[in-house]
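J.: Attaching a single structure in structure tokens format; questions to follow.
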Amino acid sequence: MPVHEIRHPLIRHKLGLMRRADISTKNFRELAQEVGALLTYEATKDLPLEQYEIPGWAGPVTVEKISGKKITVVPILRAGIGMLDGVLSLIPGAKVSAVGVARNEETLEARTYLEKLAPDIAERRSLIIDPMLATGGSMVATIDLLKKAGSKEIRAMVLVAAPEGIEAVRKAHPDVIIYTASIDEKLDENGYIIPGLGDAGDKIFGTKQKEA
């Protein structure tokens, strides 16, 4: 399973700002969107193109457009919503397929409570977005759901990933490609990524924060 850690200077700079314990909700939210957009650039750089002709100012001109399967963006609720605008700024025509997954804070097991998928998801590339890949439970549950719905080409895009989460996805779904801004050190005893970003959902939505 390919894992791409995108170490672009702009991404490294913005991710460093996001790691601050005292970051404001406004700044965290804006940076999540910006890093999401930058990761989207990398995650879509191998999309196929086809040529076509248009009328130009000096006569007909041959240009290119994306061909093949269209894309559906799959935010894992709730934190994935924080990356959505950044992703859609680059692929505004993509359909959005929302998946709600809750993690039991004691067992760390994932439970799916919502799925609103694009009706033609089997004919689309699925791009899952979530700020954190920690234990991997939510990601694996989402991929399970998408494959059951007929999705065959799936990629995952996260801001930070723990080695444990990457390994969980690799074991369950070795065909899924992961793009991340950082592979962090480890998980702590509570399942939080170290050094991580803290609770990304709380920081995006302005609710109670937990530092990790």
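Every residue gets a Cβ built from N, Cα and C, even glycine.
Since this is a predicted model, take the numbers as computed values, not measurements.
From Swiss-Prot, here are the annotated features:
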- R78, R103, D130, P131, M132, L133, A134, T135, G136, G137, S138, D199: 5-phospho-alpha-D-ribose 1-diphosphate binding site (BINDING)
- I193, G198, D199, A200: uracil binding site (BINDING)
J.: At the Cα level, what's the spacing in Å between A134 (5-phospho-alpha-D-ribose 1-diphosphate binding site) and G198 (uracil binding site), rounded?
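T.: Taking the Cα atoms only, A134 (5-phospho-alpha-D-ribose 1-diphosphate binding site) lies 11 Å from G198 (uracil binding site).
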J.: Going by Cα-Cα distance, which of the binding-site residues (D130, M132, G136, S138) sits nearest to D199 (uracil binding site)?
T.: M132
J.: Nearest of the binding-site residues to I193 (uracil binding site) by CA-CA distance, picking from R78, D130, M132, G136?
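T.: Closest recorded candidate to I193 (uracil binding site) by Cα: M132.
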J.: Using DSSP with the three-state reduction, classify M132 (5-phospho-alpha-D-ribose 1-diphosphate binding site) as helix, strand or coil.
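T.: In three-state terms, M132 (5-phospho-alpha-D-ribose 1-diphosphate binding site) counts as strand.
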